[in-house]
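Undergrad: Input: one structure, supplied below.
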Amino acid sequence: YTRLVVVYLFTCPLGSRGQTQCIYAPVQLASVVNGGPSNISHTKFLFMGFPETYKYRRLLFLPFFLGYILVVVGNSLLLFVIRNTESLHSPMYILVSALAVVDIIVPTAIVPAMLLTFLFDLNEISLAGCLTQMFITHFFSSVESTILLAMAFDRFAAICKPLHYTEIMNSSMFLKLLLFTLIRSGTIMLALVALAAPLSFCGSNVIHHCYCDHMALVSLACDSIAKNNAMGLAVIICFVGIDISVIFFSYVKILYVVLGAAAGEDRWKAFHTCATHLMVMMCFYFVGSITFLSRNLHIPIPIDVNTFLGVMYIVFPASVNPIIYGVRTKEIRNALLKMFKINMNRVSIVKVSSIKI
């Protein structure tokens with residue numbers, strides 16, 4: 001005979017007016033055939049990223065919406081300035097452009113869907129959609145790590161080996177960097193998704209996050225996730241342990257060379273620039289490590305805090321990178337001011353012509 005056992009989960013946060021709003025989700029559906037259980041895996045999942053502040057979810061819309069607009073406008077403006085200024089078509093600014101593209105793609109993969117969840121409670125996603133979002137988010141985040149590594153190497157070559165800079169940072173180097181990025185990021189992130197795809201999700205289908213983070217999904221599996229945990233740690237070692245070590249060494253070497261050769265104001269400017277870059281990079285890697293390791297090592301962090309850090313890991317670097325690598329860079333700032341003055345002059349000429357007519 002066949003006996004069906006169905007268990008349901010009711011997540012009941014308070015609504016905006018104090019009423020209870022329950023999210024009805026099947027937790028387990030197991031069939032017992034001749035005494036042997038056979039789990040049926042979920043194919044739909046629900047996001048519940050901020051359970052403790054769920055009743056304020058519509059208020060959360062505004063700051064995240066403004067943050068997303070800042071990300072898109074800031075990085076788009078940076079791309080526009082670099083593309084339309086011939087003097088900025090150099091290796092360093094090509095890398096800054098690549099960083100701006102990645103900083104638009106990654107937030108776009110998660111923030112619009114998150115905003116729809118806040119406004120209209122559209123928090124359901126299929127397993128295929130979840131795995132796709134997971135790959136896009138983690139792949140391009142790892143690409144960002146590689147770009148930051150390449151930017152540190154570019155500054156190292158420009159300052160420590162200026163006579164050989166054009167030989168080092170040429171088209172061949174960019175081709176090697178592209179292949180390295182595709183092989184390293186593509187292989188590791190495909191393996192991450194490939195290990196998550198065949199898992200059975202026969203328990204809860206509520207993802208305690210605002211997007212499909214790897215461990216947030218994998219932690220719901222009924223199967224053993226030892227391989228997934230090991231792969232998550234491998235990601236941390238590869239993209240944080242290795243990349244941050246090389247970046248830190250590069251900037252220490254740059255500071256050593258600059259502080260030994262420069263004097264007075266130039267020393268302070270070099271130190272300030274390198275320190276700013278390092279702080280932004282440390283925030284990117286530090287927050288990313290916390291979100292990964294908290295689930296891998298089962299560190300008890302409140303769900304709302306962990307979700308907030310996971311979103312900030314995506315949004316914060318993308319919003320400040322245009323300022324750090326754009327506005328604070330003299331060449332880009334001058335190009336932006338020049339374009340602004342030209343446009344203002346054109347507007348003045350059009351106004352004068354219209355008055356004469």
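Placed from the backbone N, Cα and C atoms, the Cβ positions cover glycine too.
Note: TrEMBL annotation is automatic and uncurated.
What you are looking at is a predicted structure, and each value in this text was computed from that prediction instead of being measured.
Reproduced below are the annotations present in TrEMBL:
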type	residues	note
TRANSMEM	60-81	transmembrane segment
DOMAIN	74-325	domain 'G-protein coupled receptors family 1 profile'
TRANSMEM	93-119	transmembrane segment
TRANSMEM	125-153	transmembrane segment
TRANSMEM	174-197	transmembrane segment
TRANSMEM	233-258	transmembrane segment
TRANSMEM	270-293	transmembrane segment
TRANSMEM	305-327	transmembrane segment
Undergrad: Give residue numbers and ranges for long-range contacts of the transmembrane segment (60-81): same chain, 6 or more residues beyond its ends, CB-CB under 8 A.
TA: 50, 53, 88, 96-97, 100-101, 103-104, 107-108, 111-112, 114-115, 118-119, 311, 315, 318-319, 321-323, 325-326, 332, 335-336, 339
Undergrad: Checking distant contacts: for the transmembrane segment (125-153), what same-chain residues at least six beyond its ends satisfy Cβ-Cβ under 8 A?
TA: 42-47, 92, 95-96, 98-99, 102-103, 105-106, 109-110, 113, 177, 180-181, 184-186, 188-190, 192-193, 196-197, 201, 207, 211-214, 217, 235, 239-240, 243, 246-247, 250-251, 277, 281, 284-285, 288, 313-314, 317, 325
Undergrad: Take the transmembrane segment (174-197) and find every residue of the same chain, 6 or more past its ends, with a Cβ under 8 Å from one of its Cβ atoms.
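TA: Residues 91, 94, 127, 131, 134-135, 138-139, 142-143, 146, 150, 214, 217-218, 227-228, 231-232, 234-235, 238.
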Undergrad: Calculate the per-residue pLDDT averaged over the domain 'G-protein coupled receptors family 1 profile' (74-325) and state the result as an integer.
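TA: Mean per-residue confidence for the domain 'G-protein coupled receptors family 1 profile' (74-325): 87 out of 100.
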Undergrad: Taking residues 6+ outside the transmembrane segment (270-293), which of them lie with a CB under 8 Å of any CB in it?
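TA: Sequence-remote neighbours of the transmembrane segment (270-293) are 141, 144-145, 148, 152, 213-215, 232, 235-236, 240, 243-244, 247-248, 251, 254-255, 258-259, 262, 299, 301, 306, 309-310, 312-313, 316-317, 320-321, 324, 328.
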